[in-house]
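For E11, D59, the entry in Swiss-Prot reads Mg(2+) 1 binding site, with the evidence type sequence analysis. The Mg(2+) 2 binding site feature in Swiss-Prot is assigned to D59, D61. Among the features that Swiss-Prot reports, domain 'Toprim' is placed at 5-99, with the record citing sequence analysis.
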Amino acid sequence: MNKIKQIIIVEGKTDTDKLKSIYGNDLKTIQTKGLSLNKKTLEMIEEFNNKMGVIIFTDPDGAGKKIRQTIIDYLDNKVLNAFIKKDDINKTSKKIGIAEASDDAIKKALDNLIIYDKNNVSLSWTDYINNDFYLKSNRIVICKYFNFDNNISSKTLFKWLNWMNVSIDDIKKIIGE
């Protein structure tokens with residue numbers, strides 16, 4: 001099994017426990033303690049990102065999206081992201097989180113990291129609208145391709161596509177044009 005060199009940012013202890021059950025006790029995580037993410041934790045994440053890199057791996061719910069966005073907005077440079085879909089969560093669980101996902105879904109997410117760079121601008125809003133990428137049917141296809149949650153807003157998808165440096169031609173290939 002591949003050893004993960006970066007620090008993984010998760011929401012809580014159960015997420016850390018789940019990841020360590022898969023990757024071993026040498027795996028390093030930082031827990032945001034849910035939405036109580038504070039400046040000190042953000043500074044620590046920034047320091048680790050500059051030294052060894054971090055992977056943001058938050059739950060596929062509203063709080064997880066907000067935590068991910070807060071961290072990305074705080075960091076100045078590239079950051080790795082892992083995504084898990086709600087469909088990958090144990091159906092009998094009342095919670096929607098990393099701790100409730102299957103081992104295979106977690107491995108797949110961490111094997112398919114996506115790099116975000118806030119400084120990328122590969123797509124204009126006009127191009128995004130004129131090519132109908134904002135339409136729900138196209139957003140679903142794009143989100144599925146990148147393993148994003150299907151319920152992200154059009155503006156968030158636009159921003160994330162730019163941060164990943166995805167071109168118009170790339171998106172057209174994804175949606176089958």
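Using the three backbone atoms N, Cα and C, a Cβ is placed for every residue, glycine included.
Each of the binding-site residues E11, D59, D61 was scored by other CB atoms within 10 A of its CB, and the lowest score goes to D61. The two recorded residues, D61 (Mg(2+) 2 binding site) and E11 (Mg(2+) 1 binding site), show a Cα separation of 11 Å. When the domain 'Toprim' (5-99) is classified with DSSP, helix, strand and coil residues number 42 helix, 14 strand, 39 coil.
When pLDDT values are averaged over the domain 'Toprim' (5-99), the model yields 90.
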